[in-house]
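Comments concern the structure below.
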Amino acid sequence: MLTMLTSMYLVVRAVSPQPEPIRVVVTGAAGQIAYSLLYSIAKGDVFGKDQPIILVLLDIPPMLPVLDGVVMELQDCALPLLREVIPTDKVEVGFKDLDAAILVGSMPRKEGMERKDLLKANVAIFKTQGAALDKYAKKTVKVLVVGNPANTNCLIASKSAPSIPKENFSCLTRLDHNRASSQVAMRCGVSSDKVKNVIIWGNHSSTQYPDVHHAKVNVHGSETPAYDAVKDETWLRGDFISTVQQRGAAVIKARKLSSAMSAAKAICDHMRDIWFGTKEGEFISMGVYAAGNSYGIPEDLIYSFPVEIKNKTWKMVDGLPINDFSRAKMDATAAELVEERDTAMDFLSQ
């Protein structure tokens, strides 16, 4: 009997070898978001429990000594899926043969800095990184931009990588999406997994529009429209929206540091959904290329829409009814993105 079981085990092992390692880069890898993120990626929470990983850590030269410490810690975690860790400050090393790129690093806004100065600094960074992706990464690479201003940084990276499909670029609004889901869940006294199909429209900024008109809440086993479950339209159209819009600033005020743990969790959710797809009947929010949208949003933008994902390909959820309240908020955040894009494109052409 034992011999038979052993031979069956060997047959199973023979037909299901472990897949080849994938190469994943995290930029800004010495920073606090990366510190909360890298362990989850390396232990298999994002790309699969049987998917070996080569983790590339890219940061600026002054941060290399810190990266050495991060490498030591990853080694000391003794994670079986982590085949290699490569710390570097060179894009030709960092972006070579990539399967996934998580672009966390960006120029943070400093005190007294004008928004256009911030845009100018980040255009330079994401132009360089986009060109490096174009030159060194696989054409199938999935690129997630986290560094702010995320939507416009993502657009610049995509424009600087013309040989990589625009659909392969997305920016993170999943943190806002998770914040919105959590606020509704707390209000209804349910766990956050009982809330689905909230939407973040537009920019990852304080003009974003968290929309629950299409959301459902599972209350006592029955799916209920969010407005009916919450039973407080004043809150949903007022404090709920401003809480989600201003949550990042509230975290900074309390911690004296920006969101890291929650940002890392959102990055994991976003990339896992790209890799494995969204659940049937559910959609999530992602900043994606607006071309061909059915909501009257200008096309040459990275704008957050509701999307479903299958076979590593996202598809916009089309045809949701939009009331006048939503329309005004969707247009306001689009206007901000158009202005950002036009300023960034001026810098890009210089």
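Just so you know, glycine gets a Cβ as well, placed from its N, Cα and C.
These numbers come from a predicted model, not from an experiment.
Record features, source TrEMBL:
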ACT_SITE  HIS204  active site, proton acceptor
BINDING   ASP59, ASN122, VAL146, GLY147, ASN148  NAD(+) binding site
BINDING   ARG109, ARG115, ASN148, ARG179  substrate binding site
DOMAIN    23-169  domain 'Lactate/malate dehydrogenase N-terminal'
DOMAIN    173-347  domain 'Lactate/malate dehydrogenase C-terminal'
Cβ-Cβ neighbours of ASN122 (NAD(+) binding site) (radius 10 Å): 23
Cβ-Cβ distance under 8 Å to ASN148 (NAD(+) binding site), same chain, at least six residues away: SER106, PRO108, ARG109, ASN122, HIS204
Shortest C-alpha distance to ARG179 (substrate binding site) - which of the binding-site residues ASP59, VAL146, GLY147: VAL146
Per-state residue totals over the domain 'Lactate/malate dehydrogenase N-terminal' (23-169) - DSSP helix, strand, coil: 66 helix, 27 strand, 54 coil
Sequence-distant neighbours of VAL146 (NAD(+) binding site) in its chain (C-beta under 8 A, six or more apart): ILE33, ILE102, LEU103, VAL104, SER106, CYS171, LEU172, ALA263, ILE267
Same-chain residues at least 6 apart in sequence whose Cβ lies under 8 Å from GLY147 (NAD(+) binding site): THR27, GLY28, LEU103, VAL104, GLY105, SER106, MET107, ASN122, ILE125, PHE126, ASN153
Average pLDDT across the domain 'Lactate/malate dehydrogenase N-terminal' (23-169), rounded to a whole number: 96
Cα distance (Å, whole number) from ARG115 (substrate binding site) to ASP59 (NAD(+) binding site): 23
Winner by Cβ contact number (other Cβ atoms within 10 Å) across the recorded positions ARG179, HIS204: HIS204
Among ASP59, ASN122, VAL146, GLY147, ASN148, the record's NAD(+) binders - longest CA distance, Å: 16
Other C-beta atoms that fall within 10 angstroms of the C-beta of ARG115 (substrate binding site): 13
Longest CA-CA distance among ARG109, ARG115, ASN148, ARG179, per record bound to substrate, angstrom: 25
